[in-house]
């Protein structure tokens with residue numbers, strides 16, 4: 001009986017898979033019929049002989065279509081939303097660099113869509129105000145380099161999960177609205193927007209708002225004129241004017257009196273407070289790290305003077321920084337708290353702050369909130385282990401501060417920013433990306449740093465555990481510096497499983513285990529990201545599997561030869577380096593093997609990269625043509641005169 005039930009379940013499962021496959025096939029073919037395909041044979045694979053998951057530009061997960069990536073195909077015609085509604089798992093659409101125009105399609109009918117990319121098309125009409133109503137899952141919207149007109153849609157302003165918004169290079173008019181949720185990436189440059197920039201955007205890069213002649217206010221240098229035009233106010237009689245004047249004077253006197261009373265009370269309370277308890281804090285200004293991070297140095301309850309004094313002495317002991325490096329000048333936590341601070345970003349574990357000390361040193365303070373799994377003794381012992389690490393491709397931890405509720409890590413400030421910013425952020429600002437020799441040097445350095453961690457932290461299954469492009473900083477000479485390594489023993493298990501890269505690996509997703517090769521998988525994904533220039537999130541239907549999705553996409557697209565659709569054209573290639581780029585892609589895919597037994601170990605991966613480097617040094621004079629010795633020569637600067645144009 002049990003075997004019959006199992007057989008029935010299997011038959012039903014197969015039946016539904018077949019029905020779904022046919023349904024998605026017919027749905028996509030119907031969608032294809034609405035397109036005008038400019039590039040010959042661009043969608044030739046879209047036929048009934050092959051399953052949809054093998055079609056060009058179709059992204060699948062577990063046999064279901066979750067994304068369409070139809071870029072650079074000279075497509076026009078209409079985007080058949082009704083057909084796309086038949087794809088129940090659809091989460092991502094990309095039609096970048098095509099020739100679509102006309103009315104804005106009704107994407108709001110695709111309520112589960114997470115990302116939409118329409119950059120570099122020919123849309124030239126107004127977007128309806130309700131164009132994004134009901135799209136509560138929308139995270140990323142790229143509409144740059146079109147000719148959209150009219151105001152920014154009000155429905156877009158209400159999007160609860162929007163983290164990326166690019167509207168640059170259009171003809172949007174009107175004022176910038178107040179967004180309900182502040183996007184992490186926003187570019188409104190080169191439009192016809194006017195009015196004052198909302199205060200919530202006042203600390204952003206001015207370049208994100210340039211090219212709008214009517215905009216004023218921070219972060220631009222253009223000051224806004226008074227919002228009131230008194231000359232246009234209607235004239236009133238002398239009697240009414242005098243009456244209004246008397247009311248204004250009376251109100252001003254009353255307000256002044258109330259202010260004086262409040263100030264007096266505040267001064268009284270401050271003096272009373274100073275007499276009753278010791279003041280440990282350095283009284284930082286409003287832009288200090290203490291004010292920005294909300295760090296408190298002491299608990300100021302209503303106990304007696306003696307109990308507060310004992311607490312104060314205890315806090316003096318516990319607020320000392322523990323230094324891991326002797327080559328840095330010593331400073332106290334109070335020096336950090338009273339220093340001017342600038343928030344650099346907020347990652348999955350907490351915020352990072354850039355601080356300028358009185359001695360001129362620039363440090364970064366990273367605040368961790370998910371480190372309650374280790375007691376103070378265990379925590380300090382592990383920090384000493386990390387402090388003993390010394391490698392040119394690791395960012396050292398200078399000092400740390402321990403408190404049960406949160407921890408602070410102090411490190412040197414690296415002005416050149418992260419690899420993620422150079423790969424993805426610079427594009428949004430129209431700046432050149434990293435060239436090929438620089439990218440290869442970064443990959444090689446990351447591999448060496450990772451190998452060092454595996455040699456010196458042998459007790460950890462994943463010595464890094466959180467390798468991704470935003471955790472790779474670049475020095476002035478574009479040497480990679482790994483950060484956020486060795487954190488797994490200190491991060492709460494639940495938070496680690498939710499947030500850390502190691503727990504997104506195939507072996508953990510499928511078997512709930514982390515292995516010695518898990519970091520190698522992270523290295524492989526990083527190599528693919530560097531070579532393709534693709535954002536991992538662009539491939540994510542289920543966020544925790546985004547890296548595996550990128551590897552699957554590359555594996556299905558890579559045919560052993562150079563293709564413009566697969567490789568990032570921003571890095572360029574010289575006449576003799578194509579084979580080396582392809583070999584590095586093969587190394588990356590070998591690191592991304594889903595089967596752990598078939599995956600390279602870290603030593604094998606690094607050896608293959610070193611062998612590739614030797615080949616370059618022996619036979620590729622072209623390799624160094626864009627690889628100057630000066631720091632500015634190895635920056636994001638495109639091709640040399642010998643480069644091949646990939647456009």
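Cβ atoms here come from the backbone N, Cα and C positions, even for glycine.
According to Swiss-Prot, the feature ATP binding site maps to 344, 345, 346, 347, 348, 349, 350, 351, 352, 366. A sphere of 10 angstroms centred on the C-beta of residue 350 (ATP binding site) encloses 18 other C-beta atoms.
Sequence annotations record features per position, and here Swiss-Prot assigns compositional bias 'Polar residues' to 637-647.
The number of other CB atoms found within 10 A of the CB of residue 340 (phosphoserine), across every protein chain shown, is 17. Among the features that Swiss-Prot reports, phosphoserine is placed at 340 (among others), with the record citing similarity to another entry.
Swiss-Prot lists 418 (among others) with the feature phosphoserine, giving similarity to another entry as the kind of evidence. Counting only same-chain residues at least 6 apart in sequence, those with a Cβ under 8 Å from the Cβ of residue 418 (phosphoserine) are 469, 470, 471, 472, 473, 474.
DSSP assigns residue 438 (phosphothreonine) to a helix in the three-state reduction. Marked as phosphothreonine by Swiss-Prot on the basis of similarity to another entry: 438.
If you look up Swiss-Prot, you'll see 508 marked as phosphotyrosine, on the strength of similarity to another entry. In the three-state DSSP scheme, residue 508 (phosphotyrosine) falls into the helix class.
The repeat 'LRR 3' annotation in Swiss-Prot covers 136-159 and rests on sequence analysis. Across the repeat 'LRR 3' (136-159), DSSP classifies residues as 4 helix, 5 strand, 15 coil.
Taken from Swiss-Prot, the feature transmembrane segment applies to 248-268, supported by sequence analysis.
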8 Å Cβ shell about 344, 345, 346, 347, 348, 349, 350, 351, 352, 366 centroid, ATP site members excluded: 367
Rounded to the nearest Å - Cα separation of residue 352 (ATP binding site) and residue 508 (phosphotyrosine): 29
Cα-Cα distance linking residue 350 (ATP binding site) and residue 508 (phosphotyrosine), given in Å to the nearest integer: 24
Residue, out of the binding-site residues 344, 348, whose Cβ gathers the largest set of other Cβ atoms within 10 Å: 344
Other C-beta atoms that fall within 10 angstroms of the C-beta of residue 508 (phosphotyrosine): 19
Candidate nearest residue 438 (phosphothreonine) in space, where candidates are the binding-site residues 344, 346, 348, 350 and distance is Cα-Cα: 344
